[in-house]
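As recorded in Swiss-Prot:
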COMPBIAS  16-29  compositional bias 'Gly residues'
MOD_RES   Y32  phosphotyrosine
DOMAIN    51-155  domain 'Calponin-homology (CH) 1'
MOD_RES   K115  N6-acetyllysine
REGION    178-193  region 'Polyphosphoinositide (PIP2)-binding'
MOD_RES   K215  N6-acetyllysine
MOD_RES   T250  phosphothreonine
REPEAT    294-404  repeat 'Spectrin 1'
MOD_RES   K593  N6-acetyllysine
MOD_RES   K626  N6-acetyllysine
MOD_RES   S697  phosphoserine
DOMAIN    766-801  domain 'EF-hand 1'
BINDING   D779, D781, E790  Ca(2+) binding site
MOD_RES   K780  N6-acetyllysine
DOMAIN    807-842  domain 'EF-hand 2'
MOD_RES   K860  N6-acetyllysine
MOD_RES   S910  phosphoserine
Amino acid sequence: MVDYHAANQAYQYGPNSGGGNGAGGGGSMGDYMAQEDDWDRDLLLDPAWEKQQRKTFTAWCNSHLRKAGTQIENIDEDFRDGLKLMLLLEVISGERLPKPERGKMRVHKINNVNKALDFIASKGVKLVSIGAEEIVDGNAKMTLGMIWTIILRFAIQDISVEETSAKEGLLLWCQRKTAPYKNVNVQNFHISWKDGLAFNALIHRHRPELIEYDKLRKDDPVTNLNNAFEVAEKYLDIPKMLDAEDIVNTARPDEKAIMTYVSSFYHAFSGAQKAETAANRICKVLAVNQENEHLMEDYERLASDLLEWIRRTIPWLEDRVPQKTIQEMQQKLEDFRDYRRVHKPPKVQEKCQLEINFNTLQTKLRLSNRPAFMPSEGRMVSDINNGWQHLEQAEKGYEEWLLNEIRRLERLDHLAEKFRQKASIHEAWTDGKEAMLKQRDYETATLSDIKALIRKHEAFESDLAAHQDRVEQIAAIAQELNELDYYDSHNVNTRCQKICDQWDNLGSLTHSRREALEKTEKQLETIDQLHLEYAKRAAPFNNWMESAMEDLQDMFIVHTIEEIEGLISAHDQFKSTLPDADREREAILAIHKEAQRIAESNHIKLSGSNPYTTVTPQIINSKWEKVQQLVPKRDHALLEEQSKQQSNEHLRRQFASQANMVGPWIQTKMEEIGRISIEMNGTLEDQLSHLKQYERSIVDYKPSLDLLEQQHQLIQEALIFDNKHTNYTMEHIRVGWEQLLTTIARTINEVENQILTRDAKGISQEQMQEFRASFNHFDKDHGGALGPEEFKACLISLGYDVENDRQGDAEFNRIMSVVDPNHSGLVTFQAFIDFMSRETTDTDTADQVIASFKVLAGDKNFITAEELRRELPPDQAEYCIARMAPYQGPDAAPGALDYKSFSTALYGESDL
């Protein structure tokens with residue numbers, strides 16, 4: 001065994017190894033290794049993969065151990081005592097490990113392996129389920145897993161392309177380097193490498209003299225792989241880590257083995273990174289510009305779609321033309337509810353997302369030193385907000401108008417039915433009355449007949465007077481239907497006019513007949529008092545029964561328990577009068593029986609009917625029985641309505657209970673979010689975490705709102721129009737909920753933008769807190785923005801010379817144009833941070849991009865399309881070629897392009 005302390009301690013693996021792999025390199029390793037944990041979850045290795053890993057990992061270890069004059073033969077056995085493992089770690093890290101124990105006992109081996117594992121862990125690596133005992137026992141899975149962890153940490157971790165993770169960075173590097181080669185499509189670290197072309201393409205890209213790529217065939221993978229492995233071993237000092245047959249004969253080569261092999265190519269070619277770094281800078285700048293253009297196009301499209309939807313929806317909400325029937329109005333109400341439930345919520349989310357996208361775009365433009373984005377005319381955020389306010393204004397009161405119209409139509413239907421009922425009863429009563437009044441029977445009647453006719457006429461007049469109220473009610477109902485704009489008012493008016501004309505005619509005929517009867521009354525002597533008394537008492541009683549039947553069959557509409565209880569009380573009062581009415585009925589029938597008894601006892605032959613009235617005892621008994629039948633039916637109808645109103649009251653209280661809980665909860669959350677956005681408790685990440693917890697709690701609260709919506713739906717279906725148990729309406733709750741969602745999303749976006757600004761500009765947490773404290777001090781109304789005077793006072797407090805003089809005003813106007821490019825008159829905290837960070841930190845500039853292009857151009861003042869296509873990805877190379885102006889300098893060559901004017905245009909210093 002070679003003494004590993006004699007190994008070359010000055011060796012450092014890769015450009016970022018050594019001390020960088022110590023404390024500094026381990027800073028992000030925890031996160032990185034957590035990302036790699038899911039690569040090592042299998043309990044058992046596939047035999048083919050295990051074979052590939054053994055060979056690859058053994059070759060990789062020997063490529064480093066040979067620098068210390070040693071090597072391993074069996075990866076399971078040679079690391080069991082921990083000595084070569086510690087030696088390997090010293091070689092690849094360039095650091096000295098604790099002195100190993102030289103004993104041969106198991107405890108000495110475990111201690112040595114633990115020293116190696118402790119050193120790996122000190123680099124920020126999570127060793128999941130790997131223990132010293134398994135390594136000492138020669139556990140193949142644990143040993144291979146440990147070596148893979150070492151390879152990840154010391155050979156792959158520092159590979160980063162465009163801020164990607166190690167694995168993604170290595171894959172992106174391979175994709176870029178092999179992109180120009182036919183039959184090569186690197187998408188992974190297994191089957192993409194089976195045909196060997198990708199290995200040959202990597203070598204040819206960096207050392208084209210070593211490979212004749214055009215002579216390689218895709219259908220000969222073994223030859224391709226052996227060619228690449230032999231060339232790499234002979235000319236690039238990369239040991240052969242895999243057998244071509246093992247790769248070809250495996251359905252899916254081992255990913256870890258391929259990554260280990262490919263990482264050796266990456267480190268071998270790392271010396272060619274200067275041009276790639278320059279290309280990366282240009283790619284990054286172009287990617288930012290392309291992304292910003294994409295975001296601008298998305299904003300314009302989304303804004304146009306949202307404004308078009310608002311334009312189409314507002315006329316529909318402003319259409320307040322009432323319909324003629326309840327069914328039509330209920331359909332309009334259902335359409336409106338469908339709009340609130342289905343159509344509007346996605347648009348609320350689109351509006352919120354549009355504002356977030358706009359703010360994020362502006363932040364990215366400021367951070368990348370680009371001019372502020374000005375949407376096309378009519379598509380500003382303020383235009384969208386104005387359109388949305390117009391939509392809300394049109395929507396306001398629409399549902400209330402619909403419900404009022406339904407109530408109006410319901411009232412109209414009730415009145416129309418009541419009119420038809422009363423009119424039918426009146427028309428039935430008047431049927432034949434005109435013919436009766438026009439009779440001239442008194443001209444040939446006897447004295448007794450005349451007196452009977454007089455009494456009969458008096459009874460008729462009494463009946464006529466009793467019907468006067470009904471006629472007035474009919475006229476009043478018709479008038480109310482006219483005032484409420486009943487759609488069938490023409491037929492109602494025609495029928496009412498006919499009744500009134502007939503009533504006037506009856507009055508005239510009644511008066512004429514009375515005069516004729518009174519003219520002959522002096523010649524009449526006797527009158528049957530009993531019949532007369534019967535008629536006088538029977539007529540009012542009959543009218544009372546008709547009115548009672550009419551009232552008992554009258555429809556009723558109530559909306560509260562108090563109203564139905566009032567009807568029940570009135571009905572109970574009516575029932576209490578029935579005993580007196582029954583006694584009156586018996587008294588009337590007794591009069592009739594008395595007349596019959598006298599006639600029979602005196603042998604008087606009666607005509608069979610009372611000459612003074614048409615109301616017979618049979619009619620009285622029949623109507624009385626009808627009243628007796630209608631009373632329990634009325635009882636049942638009132639009790640059903642009482643049960644319905646009790647159910648409605650339960651719905652009111654149920655809704656009120658939920659609303660009185662949801663409403664204050666929303667208000668409390670709004671206040672807490674406002675407090676969090678103003679206070680400076682903890683880091684921005686803490687604030688963001690706190691806000692996202694609030695957002696999750698808000699989302700988790702959505703079932704309570706859905707429950708309230710369901711209860712509100714039940715209330716609407718029950719046609720309940722008021723609720724005295726709560727001041728919260730569903731409209732208030734919906735608006736509050738929408739405001740809460742918008743506020744939390746906007747607040748989270750503000751904090752994320754602050755983090756983005758802080759990280760991009762290198763602002764410390766203490767600086768961020770100082771900025772927030774200064775901003776809050778002058779934000780007196782806690783509105784989240786400063787007016788010009790407040791902002792000026794804040795600048796003065798920070799030492800800026802913006803006093804009220806010509807020079808100070810000019811400087812202040814310059815600063816305002818930076819922090820408020822849209823001239824809104826307000827400076828947000830995000831704009832304040834952007835300004836302060838711009839004042840205290842450096843940013844990328846057009847000069848840096850020009851310098852990068854100069855590297856790609858070989859220090860020339862111009863660059864050619866061929867150079868761009870060789871160094872940049874195809875899409876970004878074509879982007880530059882399409883936008884670069886021809887170079888006009890004296891040293892111009894054919895096809896020369898001006899990269900300087902193009903670079904300044906990227907930062908708004910000139911036009912593309």
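Glycine is treated like the rest: Cβ placed from N, Cα and C.
Locations of recorded Swiss-Prot features on the structure.
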{"residue": "K115", "record": "N6-acetyllysine", "Cβ neighbours (10 Å)": "19"}
{"residue": "K215", "record": "N6-acetyllysine", "Cβ neighbours (10 Å)": "7"}
{"residue": "T250", "record": "phosphothreonine", "Cβ neighbours (10 Å)": "19"}
{"residue": "K593", "record": "N6-acetyllysine", "Cβ neighbours (10 Å)": "13"}
{"residue": "K626", "record": "N6-acetyllysine", "Cβ neighbours (10 Å)": "16"}
{"residue": "D779", "record": "Ca(2+) binding site", "Cβ neighbours (10 Å)": "21"}
{"residue": "K780", "record": "N6-acetyllysine", "Cβ neighbours (10 Å)": "10"}
{"residue": "D781", "record": "Ca(2+) binding site", "Cβ neighbours (10 Å)": "9"}
{"residue": "E790", "record": "Ca(2+) binding site", "Cβ neighbours (10 Å)": "18"}
{"residue": "K860", "record": "N6-acetyllysine", "Cβ neighbours (10 Å)": "18"}
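Rounded to a whole value, the Cα-Cα separation of D779 (Ca(2+) binding site) and T250 (phosphothreonine) is 68 Å. Taking the C-alpha atom of S697 (phosphoserine) as reference, the shortest distance to any of the recorded positions K115, K626, K780, D781, E790 belongs to D781. Of the candidate modified residues, T250, K626, K780, the one lying closest to K593 (N6-acetyllysine) when CA atoms are compared is K626. Between the CA atoms of K115 (N6-acetyllysine) and K626 (N6-acetyllysine) there is a gap of 108 Å. Candidate recorded positions: T250, K626, D781. Nearest to K860 (N6-acetyllysine) by Cα distance: T250. The CA atom of T250 (phosphothreonine) is located 71 Å away from the CA atom of E790 (Ca(2+) binding site). Using DSSP to sort the residues of the region 'Polyphosphoinositide (PIP2)-binding' (178-193) gives these counts of helix, strand and coil: 4 helix, 0 strand, 12 coil.
Candidate recorded positions: K626, K780, D781, E790. Nearest to K215 (N6-acetyllysine) by Cα distance: E790. Here the candidates are the recorded positions K780, D781, E790. The one whose C-alpha lies nearest to that of K626 (N6-acetyllysine) is D781.
Helix, strand and coil counts under DSSP for the domain 'EF-hand 2' (807-842) come to 25 helix, 2 strand, 9 coil. In this structure, the C-alpha atom of E790 (Ca(2+) binding site) lies 9 angstrom from that of K780 (N6-acetyllysine). Taking the Cβ of S697 (phosphoserine) as centre and 10 Å as the limit, one finds 12 other Cβ atoms among all the protein chains shown.
Looking only at the domain 'Calponin-homology (CH) 1' (51-155), the predicted model's pLDDT averages out at 87.
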